[in-house]
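Beneath this line is the structure, given in structure tokens, with notes to follow.
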Amino acid sequence: MKRRPLIAGNWKMHKTVPETLAYIEAFKPLVAGVEDRDIMLAPPFTALDAAQRALEGTNISLGAQNCHWESEGAFTGEISPKMLADIGVTYVIIGHSERRHIFGETNEMIRRKIEAALKFSLSPILCIGETLAEREAGRTFEVLEQQLKEGLEGFSTADLKELVIAYEPVWAIGTGKTATPEQAEEAHAFCRKLLKDMFGEEFANKIRILYGGSVKPENIVGLMARPDIDGALVGGASLKPDVFARIVCFGRTE
Ligand code: PGA
């Protein structure tokens, strides 16, 4: 079963408001008329509002890179899903490996963030992936299973209709080392099988599983040819509009 591809750009801690607006200005015409796949940009929080206005009426959706698990309260420095929904954000990346490893996010925090995002009708993009040490110790599937089971515990299939999963092997993020399409497909197929066991076949067949980790215009076609890879979460290569547009437009001839 073919799912609608999603190509998502995660800018991480890059770009001011003027840089964001200049990017969008250049990017929009490069992807205009691309209607057979979903496109998302996730600028930093400070540029979300300006980006939302600049993206209005285009085929490009807006995403945030993180959110808190409460709607409001005494959480200095945090941003809630309610605030993101308020300014027109539609996707939110949750549990990115940089959040897990640099900021100590646990599967339980991630589960709560997903719950909070869903409450405000945001589509969570749940990131999972093993470190190099875990892969070398033969623990890849065990790690993925724990991240999915603990991150998605207690939800129903109806709750998770808009969920997206991103498999991002930590050793491939920002390193230039991409998983081969075979390695990525093996992990994606494992996740889909697990989701089938957890939520049933219909759900598992519908859910999109993106690959992330050094995706470039040169490797997107090989990755997207695999049956269980439904799109990409792109970091470094999403920072230049022309490079990201080439990834978004993979497989199109015009
Ligand atoms: P990268 O980052 O494309 O720079 O490897 C991917 C990500 O962190 O989502």
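The backbone N, Cα and C atoms fix where each Cβ goes, and this holds for glycine too.
Residues annotated as substrate binding site in TrEMBL: Asn10, Trp11, Lys12, Gly174, Ser214, Gly235, Gly236. As annotated by TrEMBL, active site, electrophile applies to His96. Here TrEMBL flags Glu168 as active site, proton acceptor.
Within 8 Å of the Cβ centroid of the substrate site, not counting the listed residues Asn10, Trp11, Lys12, Gly174, Ser214, Gly235, Gly236, the chain contributes Ile173, Val234, Ala237, Ser238, Leu239. When the binding-site residues Asn10, Ser214 are scored by other C-beta atoms within 10 Å, Asn10 scores highest. Fewest other C-beta atoms within 10 Å: among the binding-site residues Gly174, Gly235, Gly236, that description fits Gly174.
The recorded positions listed here (His96, Gly235, Gly236) include His96 as those with a Cα within 10 A of the Cα of Glu168 (active site, proton acceptor). The DSSP secondary structure for Gly236 (substrate binding site) is helix. Least crowded of the recorded positions (Trp11, Lys12, His96, Glu168), judged by neighbouring Cβ atoms within 10 Å of its own Cβ: Lys12.
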